[in-house]
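Going by Swiss-Prot, these are the annotated features:
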- SER27, GLY28, GLY29, SER30, ASP31, SER32: ATP binding site (BINDING)
Amino acid sequence: MLYEKFEYNINNLIGNFGLSKIAIAVSGGSDSISLLYLANIWARKNNIELFVISVDHNLRPQSKQENYYIHTISSNLNRKYYNLSFDHQNNFSNLQERAREGRYDLMTNLCLELDVLVLLTAHHEDDYVENFCLRLERNSGIFGLSSSNIHWYNNIQIIRPLYNIPKSELVEYLVNHKIKWFEDESNLSDKYRRNIIRQKLFKEENYIKAEISLQQLKTNKLIEDELKPALISAIAEAVKIFEYGFTFLDLVKFDKFLNEVKAQIINFLLIMISGQSRSARFYSIAHILKLISQDINFKNTVHGCVIKRIQNELLIYREFGKKLPKSKILLDKSVIWDNRFCITKNQKTPDCVITYLSLADYKAIKKQLDLKHLKNLSCKNHNAILFTLPIIKILEKVIAIPHISYYDNDVWNFEVSFAPNFVSRFTHFC
């Protein structure tokens, strides 16, 4: 019964991809161990190569045992196993979010190396119920309350084939087949809000969880049938994103869309322009929407961005000064800087540093800069935007600002593209 439900789910989610290989994320818990055995049956049946991936966050002594166990199972199933390691650098602030992002970075980068297009994860029905309650508690908008069984990360499709299967069925499957799993001790800690919600739900009658699941399904249907198509149309019609890392929003076209769609567009733009991975707070977005509705010019800072209304357009560019991006050494052919720009050098260029323009640097080369094009595009906000662009240095000397075609000689050649690591459950931006 369980396998038939899983098989129906995964075939519907993958569709006619014609895959020859697939990857699966396994942690050692009952959810992912069940998924591993179910996916193994399905992969053999469909002649698909299955890669098993685990990530050690180096936070619990038990993780070594878990990884060894996953390795053993993978070997017994004749599947290739990859154990990746997340370096927390002894920085424990905002650790859950950083660990999640680091985990997905590691796994999807490996998928790209293996030429794998799809990664399976073990999110099950109980996880969806918990997420809905968490987001409801945080006053999330309707897009935030929705869930998805498919999303993209680093151009890899993440699929959750256990979405409608409760944890109890997965545990029952393992018990019946005498398969061992590990319990993560941190799941019992009251330190995390999710665990408190999980404990409360455990004490409730099953019909309560069923009602939450029903509300989740209704929300998802509304998003899929009405709001998601409107969101895609709104982005296509009202948004212009420039290679300099700023955007203009046409407020006349923007005004015709529902408030839920408007809020999500503002959120998307703030994530992309700021280079951050997390969403902006809903109350911050609501404040911006209120300012827009007043039909007056304004300037505000939200989520690491400057938002400026100029008549019927909204300009958004990165805020600079409070949190400056780290310098990066360009050793290889290309590097991502500020989570927003991809800089590529030619083979003749020696190792150099990618950083931001300081006031001293600006004063030294000011007379040599041609900012006319940027000035016209940005409605005379060129000076502020200039300081958000990547510059290239060798031995503390500015040798290039590729965006404005500034080079101190004819030898250097760099290509720069605006390529934020933007992740969305509703639209896929490469």
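Numbering starts at 1 and runs along the chain as displayed.
Here the Cβ of each residue, glycine as well, is placed from N, Cα and C on the backbone.
Source: prediction; values computed, not measured.
Overlay of Swiss-Prot annotations on the structure.
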| residue | record | contacts (Cβ under 8 Å, 6+ apart) |
| --- | --- | --- |
| SER27 | ATP binding site | SER54, VAL55, GLU66, ALA122, ASP184 |
| GLY28 | ATP binding site | SER54, SER63, GLU66, ASN67, TYR69, ILE70, TRP181, PHE182, ASP184 |
| GLY29 | ATP binding site | ALA122, TRP181, PHE182, GLU183, ASP184 |
| SER30 | ATP binding site | LYS167, LEU170, VAL171, LEU174, TRP181, GLU183 |
| ASP31 | ATP binding site | ALA122, HIS123, HIS124, ASP127, LEU162, LYS167, LEU170 |
| SER32 | ATP binding site | ILE24, ALA25, VAL26, THR121, ALA122 |
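Those same-chain residues not listed among SER27, GLY28, GLY29, SER30, ASP31, SER32 yet with C-beta within 8 angstroms of the centroid of the ATP site C-beta atoms are VAL26, ILE33, SER34, LEU35, ALA122, TRP181, PHE182, ASP184.
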